[in-house]
Amino acid sequence: MQAARGGAGRPERPGRPGRGPERERERPPGAGAASPCAAPGLPAGGATIHPGSPSAWPPRARAALRLWLGCVCFALVQADSPSAPVNVTVRHLKANSAVVSWDVLEDEVVIGFAISQQKKDVRMLRFIQEVNTTTRSCALWDLEEDTEYIVHVQAISIQGQSPASEPVLFKTPREAEKMASKNKDEVTMKEMGRNQQLRTGEVLIIVVVLFMWAGVIALFCRQYDIIKDNEPNNNKEKTKSASETSTPEHQGGGLLRSKI
């Protein structure tokens, strides 16, 4: 009855199979009716899957591809990023503050620096960013006395940040030790000042004594010259007086002669 009913209503066209239970069984389970607007060769969802596209690869192959692309991008970023700062040192170390300084390579073009500070064996991190191309130092404040800290420095450019520098470990002194060293320095400076004053006084005394001796010697030489110049005159006067006493004159103007 079904065959006769289907054949009597519509004659089958040549080259077009009839639609029957056998045709419905050929469709995969779960596939809906194809849209009349769908392009030929597309599945019912409208997405085209090529055999060579990554979406058709196994999950492990796609994960390996993502990992490789990530490594390539990271390598490109690292190639463009600046080098890590060098010669990182900590100076002006006090109980609650310090100053970290560094250098960069001459060919590097940076727009700022990032300083990370943390306590040793503690995960808490302090991040300081300095947007200044000329600065090569940064002050660390609010430090705890007698505590160890670790400092890293990074250079910042347009391409990104550089790798972190070599870690620098330093320890803040105690306040009592700082005061003791300060008092010791003050005592040393006072002693040096006193010694300097004593040395200055001794030098002044020596100079005054030398000037006095020079004056005495000059006065003695002057007096000696005067005495030496007066000696011939004294000799002449003595000779003249001696001659006058040995040859007395006569009252009449003649010399007295002794009688034999």
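Heads up, the Cβ atoms here are built off N, Cα and C, so glycines get one too.
Per Swiss-Prot, the feature compositional bias 'Basic and acidic residues' maps to 10-28 (among others).
As annotated by Swiss-Prot, compositional bias 'Low complexity' applies to 29-56.
Taken from Swiss-Prot, the feature compositional bias 'Basic and acidic residues' covers 230-241 (among others).
Per Swiss-Prot, the feature compositional bias 'Gly residues' maps to 251-260.
Feature annotation from Swiss-Prot assigns domain 'Fibronectin type-III' to 84-175.
Annotation note: Asn87 (N-linked glycosylation site) sits in a strand segment as assigned by DSSP. The Cβ of Asn87 (N-linked glycosylation site) lies under 8 Å from the Cβ of Ser101, Trp102, Asp103, each of which sits 6+ residues away along the same chain. Residues or ranges marked as N-linked glycosylation site in Swiss-Prot: Asn87 (among others).
What Swiss-Prot lists as N-linked glycosylation site is Asn132 (among others), and the listing cites sequence analysis. Listed in sequence order, the residues of the same chain lying 6 or more apart from Asn132 (N-linked glycosylation site) and placing their CB within less than 8 Å of its CB are Gly112, Phe113.
The region 'Disordered' annotation in Swiss-Prot covers 1-56 (among others).
Annotation comment: Swiss-Prot describes 230-260 (among others) as region 'Disordered'.
All protein chains shown were included, and the count of other CB atoms within 10 Å of the CB of Arg126 (site 'Required for dimerization') stands at 14. Marked as site 'Required for dimerization' by Swiss-Prot: Arg126.
Within its own chain, the transmembrane segment (201-221) has no Cβ neighbours under 8 Å among residues six or more beyond its boundaries. Taken from Swiss-Prot, the feature transmembrane segment applies to 201-221, supported by sequence analysis.
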